[in-house]
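Engineer: Following this message is one structure expressed as structure tokens.
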């Protein structure tokens, strides 16, 4: 018998067959988890951008509709210890010694009506109308035909020189156009 048939047969490149198998990389094993996390982050970012842009749109719409109400810091002290003066009036609900009480309604200003004609400026038109400028014109025309508007005189000369910004400050609500025109 030949001993050839009983000899084990070894492959020529025995080292290649017994080389250790490398483990898969981190990305290949967790690829789907990483992709899902990226998609979720993108969705969250898109939702946040949408929410903030809608807030900006709502704020812009509120400015356009002129519905913004500003707080009057002088409202509580506005009529505290004020003595009534001839030719001026206070709003309903305002008392002379009510420090700490909020004043309701729009206060009347001490601004005298001018002899200038009414312009197309909505802020000054409203201020003149609040002081009785155009409303006093018919009464003034009958009393003094040459003077279309009456001039209110008060004892307090500082109130006669009140600016338009101070008049706006005394109001409870302002519109966007009021603020633009007061600058």
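Glycine too: its Cβ is placed from the backbone N, Cα and C atoms.
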Engineer: In Swiss-Prot, which of 58-70, 149-161 is tagged region 'Interaction with host DYNLL1'?
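Structural biologist: Based on what Swiss-Prot states, region 'Interaction with host DYNLL1' spans 149-161.
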Engineer: Among 11-31, 32-52, where does Swiss-Prot put the label transmembrane segment?
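Structural biologist: My reading of Swiss-Prot: the transmembrane segment range is 32-52.
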